[in-house]
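Below is one structure, written out as C-alpha cells, with a few remarks after it.
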Amino acid sequence: MSKKRVVIIGAGVSGLTTAILLLKQEKGYHVTIVAKHFPGELSDEYTSPWAGANWRGFASITDKRLQEFEKKTLIHFFELAKTKPAETGIMIVDSFDYWDEHKEDFIEPWFSNFCPGYRHLQKEELPDNVEFGITYKTVTINPTIYLGFLLNTFLALGGNIERKEFSHIQDAILTDTDIVINCTGIHSRTLGGVQDANVYAARGQIVIVELPPTHVTWTFLRYPRGSNEGIFKGPVTYVIPRNNGEVVLGGTYVENDYTTVPDPVIAESIIKRCLTTRPDLLPVGQKELKIKRHSVGLRPVRKDGIRIETEWINSSLGRGKRVLVCHNYGHGGYGYQSSYGAALHLIEVMKKSLNSNKARISKL
Ligand code: FAD
C-alpha cells in the first residue's frame with residue numbers, strides 16, 4: 001500500500017513533536033514539515049524559541065484532558081533528561097511554587113501524586129512575604145537546544161522540510177496530499193480556512209542572565225495574591241535555569257498585547273521581583289546580575305484550550321479530492337509541557353477519522 005502523504009504546517013514545538021511521533025510510532029506516512037520559520041531562527045511570529053521553558057502543572061483540577069497531556073509529556077521529559085541531557089537541553093531540577101497568601105483550604109494539585117518529592121514547604125523554607133508553598137521535582141528545557149534536537153530527530157527519521165508561507169490552508173494541498181496538520185500557533189487566528197477568533201496573544205517578557213552553571217538548581221514561580229492554577233492576578237515572577245548557565249527571569253502575562261519590543265521598565269521590575277523572592281539568586285560576593293539579553297514572546301492562547309480536531313475538506317484542486325485537516329494549536333503558556341501528550345492524542349484522533357471517514361473532536 002502506498003504511503004499517506006502528510007503536510008505539517010509549522011516547525012515549532014507542536015509541529016516538530018507531532019511530526020516525529022507520526023514517523024516513529026506509525027508506519028505508512030510520508031511526512032513533510034512546511035513552515036515559514038525553523039529552529040535556529042528568531043522571529044516575532046515564531047513563539048517556541050522565546051519560551052522559558054519549564055514544566056509546571058497549570059491545568060485546572062477539572063481539565064482532565066490537559067492533565068493527561070502534561071503528565072505524558074513530563075514522563076517523556078524525565079526520560080530524556082536521564083538518557084540524553086546534553087543533546088536535548090532538558091534537566092531535572094527542584095520546583096518551588098509560592099503563594100503570597102496563606103492557603104487555608106488548599107486543594108492538592110492534580111500532579112501531587114506523580115511528581116517525585118512532592119510536599120508542602122515548611123514555614124522556614126518560605127521567602128519573605130510568601131505564606132504558602134509546595135515543592136517537587138520537575139524539568140527545565142533549553143528551547144534552542146531542544147528545538148534543534150527535534151528537527152535533527154525528524155530529519156534522521158526520514159522527514160522532509162520545506163520553507164514556505166501559506167495564506168490559506170488550501171495552499172498546503174498538492175495533488176498527492178492526503179492529510180494536512182495545522183500547527184501554526186498564533187497564526188491560526190489569521191490563516192485562511194482556519195481564522196480562529198478564539199486565538200490571541202499573551203505577551204511574555206523575560207530577562208536572560210548568566211550565572212555559574214551549577215549555581216541555580218531550582219526553578220520557582222510566585223503566584224500573586226488571588227491567583228491559582230495558571231490564572232494570574234498580577235505580575236508572575238519566575239526563575240528558570242537552563243543547562244548552559246543561562247537563567248531566565250520572568251515575567252509577564254499580558255493578554256492581547258502584541259508589542260514585541262522589550263520594555264526596560266518591565267525588565268527592571270522583573271529583576272527586582274526575582275531578587276526579592278530569592279536573594280540567593282545572586283552568588284555570594286557578586287554585586288549584580290550579568291544580563292545577557294532581553295526578550296519578548298507571544299504565547300498562542302486559545303479561549304477553549306488546545307484545539308485538537310479534524311475536518312474533511314474538499315480540495316480546491318477539484319476532481320472530488322477530499323483531504324483530512326487536523327488541528328493542533330492554541331497551547332498558550334504550556335506548549336512545551338503539553339507537547340508530547342497533545343501530539344499523541346492528535347494522532348489517535350487523526351487515525352480514528354481516517355478509519356471512520358468522519359471528522360472528530362478531541363475527547364479523552
Ligand atoms: P510556534 O512556535 O509559534 O510555531 C508556529 C510555526 O508555524 C512556525 O514554524 C511558523 O513559521 C509556522 N507558521 C505559522 N503560520 C504559517 C503559515 N501561514 N505558513 C507557513 N508556516 C507558518 N511553554 C511551556 O510549556 N513551558 C514554559 O515554561 C513556557 N514559557 C514560556 C515563556 C514565554 C515568555 C513565552 C512567550 C512562551 C512560553 N511557553 C512555555 C509557551 C510555548 O512557548 C508555546 O506554547 C509554544 O512555543 C507554541 O508552539 P507552537 O509550535 O504551537 O507555535
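Each residue, glycine too, has its Cβ placed from N, Cα and C.
Annotated features, as they stand in TrEMBL:
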BINDING   Thr47, Ser48, Thr184  FAD binding site
BINDING   Tyr238, Arg299, Gly333  D-dopa binding site
DOMAIN    5-347  domain 'FAD dependent oxidoreductase'
DSSP-derived class (H/G/I helix, E/B strand, else coil) of Ser48 (FAD binding site): helix
Cβ neighbour count (within 10 Å, all chains shown) around Thr184 (FAD binding site): 28
Nearest-integer angstrom distance between the alpha carbons (Cα) of Thr184 (FAD binding site) and Arg299 (D-dopa binding site): 12
Annotated D-dopa contacts Tyr238, Arg299, Gly333, maximal Cα-Cα distance (Å, integer): 16
Any further residue of that chain within 8 Å (Cβ to the Cβ centroid of Tyr238, Arg299, Gly333) of the recorded D-dopa site: Ala51, Gly52, Ala202, Gly204, Val236, Gly250, Gly251, Tyr253, Gly332, Tyr334
Extra residues within 8 Å (Cβ to Cβ centroid of Thr47, Ser48, Thr184), FAD: Gly10, Gly12, Val13, Ser14, Gly15, Glu45, Tyr46, Cys183, Gly185, Ile186, His187, Pro300, Gly335
Residue among the binding-site residues Ser48, Tyr238, Arg299 whose Cβ has the most other Cβ atoms within 10 Å: Ser48
Rounded distance in angstrom between the Cα atoms of Ser48 (FAD binding site) and Arg299 (D-dopa binding site): 9
